[in-house]
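If you check Swiss-Prot, you get these features:
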BINDING   Ser45, Thr66, Tyr258  substrate binding site
BINDING   Asp146, Thr175, Asp232, Gly257  NAD(+) binding site
ACT_SITE  Arg208  active site
ACT_SITE  Glu237  active site
ACT_SITE  His254  active site, proton donor
Amino acid sequence: MKILVDENMPYARELFSRLGEVKAVPGRPIPVEELNHADALMVRSVTKVNESLLSGTPINFVGTATAGTDHVDEAWLKQAGIGFSAAPGCNAIAVVEYVFSALLMLAERDGFSLRDRTIGIVGVGNVGSRLQTRLEALGIRTLLCDPPRAARGDEGDFRTLDELVQEADVLTFHTPLYKDGPYKTLHLADETLIRRLKPGAILINACRGPVVDNAALLARLNAGQPLSVVLDVWEGEPDLNVALLEAVDIGTSHIAGYTLEGKARGTTQVFEAYSAFIGREQHVALETLLPAPEFGRITLHGPLDQPTLKRLAHLVYDVRRDDAPLRKVAGIPGEFDKLRKNYLERREWSSLYVMCDDETAAALLCKLGFNAVHHPAH
């Protein structure tokens with residue numbers, strides 16, 4: 001049995017080699033000739049999986065080590081009798097921590113307290129719900145918008161997008177990309193919405209580029225109305241609008257979900273799905289794969305305030321480290337994908353062991369996802 005895996009999928013070789021022969025290949029463009037000699041294909045979001053890619057090949061299973069699946073024609077796979085699995089929620093924590101890193105940076109730069117801001121979360125799935133939990137642990141007011149969940153009668157105080165635009169100081173998007181249908185999200189943030197954002201508002205998109213109308217966003221920024229923008233995703237990736245990148249506060253190369261833990265979770269989820277598909281079910285403990293974190297442990301004295309949280313968060317991951325490299329190479333063909341391929345190792349907050357002499361600080365850090373313990377000072 002031969003399994004093709006995206007070369008950017010960590011731990012894929014060591015896991016899938018338990019099931020058969022493994023070959024690592026680039027995800028964009030994928031070497032089509034390899035598909036004629038393989039049984040399974042494991043991809044990330046850069047590979048478009050559809051009839052034109054797989055028709056006439058012996059591939060009988062596709063796994064994507066990503067939460068999003070808009071790069072996969074699931075209907076065709078089903079019709080062709082090809083097994084499929086994604087990795088929902090695998091990088092949700094990573095995206096939440098990206099949003100926090102950006103917000104804490106902007107709050108320090110512009111001198112505001114996050115507790116004085118209302119944060120509107122558009123799309124309350126794996127990412128949005130975790131973001132809500134962490135923000136509320138800090139006493140930050142959130143407003144939720146998720147029409148499909150509201151229609152299903154899910155528990156939660158769901159508002160309309162209009163209400164969020166009127167009331168929220170921060171609008172952060174965490175939806176799938178639906179190009180049509182009743183819950184279409186293509187240009188969900190369209191010209192009208194972008195024009196109506198409060199002066200001084202913050203707009204964050206770390207889901208899919210086309211959820212925000214990039215041309216309309218650039219027009220608003222060029223008009224000189226105060227608006228802070230954080231974009232990890234772009235229309236037309238990998239060919240982003242360079243003028244827009246120059247105008248935003250933080251711009252990164254679709255890496256919000258790129259923690260070592262998130263990528264490893266994605267790989268293990270599709271590995272477990274494929275092993276079950278071929279009748280050789282196996283389970284993997286994530287911690288057995290991950291290396292020891294860079295920082296052993298740190299000690300925190302006293303309560304947890306916003307500057308301290310920012311220092312801890314940025315010790316693990318400062319979003320600015322990914323903004324500068326993109327600006328340097330913007331507009332040069334192939335460089336966007338190169339940044340993703342050669343991405344520096346990044347960990348999640350759970351990799352930081354914090355000893356606190358303040359019990360409340362330790363409890364709050366645990367709620368936020370840090371590995372914190374209360375250690376009274378003697």
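Placed from the backbone N, Cα and C atoms, the Cβ positions cover glycine too.
Among the recorded positions Ser45, Asp146, Thr175, His254, Gly257, the ones whose Cα is located within 10 Å of the Cα of Glu237 (active site) are His254.
Distance between Cα atoms for Asp146 (NAD(+) binding site) and Arg208 (active site): 16 Å, as a whole number. Fewest other C-beta atoms within 10 Å: among the recorded positions Thr66, Asp232, Glu237, His254, that description fits Glu237. On the backbone, the CA of Thr175 (NAD(+) binding site) and the CA of Tyr258 (substrate binding site) stand 18 Å apart.
Around Arg208 (active site), the C-beta neighbours below 8 angstroms that are at least 6 residues distant in the chain are Gly68, Asp70, Thr175, Pro176, Leu177, Thr185, Val233. The Cβ of Tyr258 (substrate binding site) has 23 neighbouring Cβ atoms from other residues within 10 Å, across all protein chains displayed.
If you measure from the Cα atom of Asp232 (NAD(+) binding site) to that of Ser45 (substrate binding site), you get 14 Å. Same-chain neighbours of the substrate site beyond Ser45, Thr66, Tyr258, judged by a C-beta within 8 angstroms of the site's C-beta center, are, in sequence order, Arg44, Val46, Ala65, Ala67, Gly68, Asn91, His254, Gly257, Lys263, Gly266. In the structure shown, the C-beta of Gly257 has more C-beta neighbours within 10 angstroms than that of any other entry among the binding-site residues Ser45, Asp146, Thr175, Gly257.
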